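Taking it in order: structure first as structure tokens, then the write-up.
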Amino acid sequence: MCPFLLFSSCNAVLRDIHLYCCVHFFLAVFQMDPFVRQPKGMIGKEDSDEENENPRKKFKVLDEGNEEDEGSIMVEFSDPLPWQKIEAEGLDCDYALLFSRQKADELFKQLEEEVQYFTGEKAKVQVFGKFHDIPRKQATYGDPGLMYSFSGVYHLARPWTPTLEYVRDAVTRATGYTFNFVLVNRYKDGRDHIGEHRDDEKELDPNCPIASVSFGAARDFVFRHRESRGQRTHCRIDPVKLELTHGSLLLMNYPTNTYWYHSVPVRRRVLAPRINLTFRRIIMNSKH
Ligand SMILES: O=C(O)CCC(=O)C(=O)O
């Protein structure tokens, strides 16, 4: 073979080897599949980042009639769930309609049959040494062994009922957050109420919002900044007022409960009952 031909075919082989090495080096560095344009690592990362940043984005299609296998959730969500952002200084909430009217009616009825409310001493609150009836009914449900203190009293969670579990799982699907405890408040009419308070108990996981689901009569829900309460306030920050409607979900994100008190005030014109479920995540080592 002529030396020139030998030289040029060697050159071609070397060029091919070089090209091959370059391509594989590039694919290895960017972890790409030869036929996939997107780096593999990025796909997973993007997914998980999206989940962390805004887990609510990915949840879907509210289709009431669509019953799935046992073990899966029998409700889906509108896509996207139309969230409304509620913000003020130190207040960060999201509000959406989670259930259709028909589904919310059904869940309200089931809750009326299933939930067992506190009676006796547990249905009372002590103020200046005197016992008073709590101006609503309350119950606590959750994972085995969980206890939660409010109004200075520890309450042991009863095991989840099917409807509470169903609503809890619907909230998880809509938000991406998991919950191990729920406080149920039942207001027989507009005279029943809850006074200003913060849900800032040390047992609550600060990384998880409190998810408040309402059924029945719509009620006003009022946030008041801790610096704007009482007569001698340090500053004047306007209260934030919402109406929580039948089938709605309100997410109270951190740090709302650090700075803002909330209440459901008396509304005498309201004649119908309401049930509110506040799903919470209690840090497990706070079991008692
Ligand atoms: O009934 C409501 O909407 C509020 C209940 C509440 O404030 C609570 O569970 O801490």
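Placement of Cβ uses the backbone N, Cα and C atoms for every residue, glycine included.
Note that TrEMBL annotation is computational and uncurated.
Annotated features in TrEMBL:
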- Phe128, Gly129, Lys130, Tyr148, Ser149, Phe150, Asp200: substrate binding site (BINDING)
- Asn185, Tyr187, His197, His262, Arg274, Thr278, Arg280: 2-oxoglutarate binding site (BINDING)
- 178-283: domain 'Fe2OG dioxygenase' (DOMAIN)
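Mapped onto this structure are the features recorded in TrEMBL.
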{"residue": "Phe128", "record": "substrate binding site", "DSSP class": "coil"}
{"residue": "Ser149", "record": "substrate binding site", "DSSP class": "strand"}
{"residue": "Tyr187", "record": "2-oxoglutarate binding site", "DSSP class": "strand"}
{"residue": "His197", "record": "2-oxoglutarate binding site", "DSSP class": "strand"}
{"residue": "His262", "record": "2-oxoglutarate binding site", "DSSP class": "strand"}
{"residue": "Arg274", "record": "2-oxoglutarate binding site", "DSSP class": "strand"}
{"residue": "Arg280", "record": "2-oxoglutarate binding site", "DSSP class": "strand"}
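Candidate binding-site residues: Lys130, Tyr148, Phe150, His197. Fewest other C-beta atoms within 10 angstroms, Lys130. Checked against Gly129 (substrate binding site) by C-alpha proximity, the binding-site residues Tyr187, His197, Arg280 yield His197 as the nearest. Checking the binding-site residues Gly129, Lys130, Phe150, Arg280 against ligand 1 with a 6 Å cutoff on the Cβ atom leaves no residue at all.
Nearest in space to His197 (2-oxoglutarate binding site), taking C-alpha to C-alpha distance over the binding-site residues Phe128, Lys130, Tyr148, Phe150, is Phe150. Highest Cβ count within 10 Å among the binding-site residues Phe128, Tyr187: Tyr187. Comparing Cα positions, Arg274 (2-oxoglutarate binding site) lies closest to Phe150 out of the binding-site residues Phe128, Lys130, Tyr148, Ser149, Phe150. If you take the Cα of Asp200 (substrate binding site) and the Cα of Arg280 (2-oxoglutarate binding site), they are about 11 angstrom apart, rounded to a whole number.
A Cα-Cα distance of 28 Å separates Lys130 (substrate binding site) from Thr278 (2-oxoglutarate binding site). Each of the binding-site residues Asn185, Thr278 was scored by the other Cβ atoms within 10 Å of its Cβ; the lowest score goes to Thr278.
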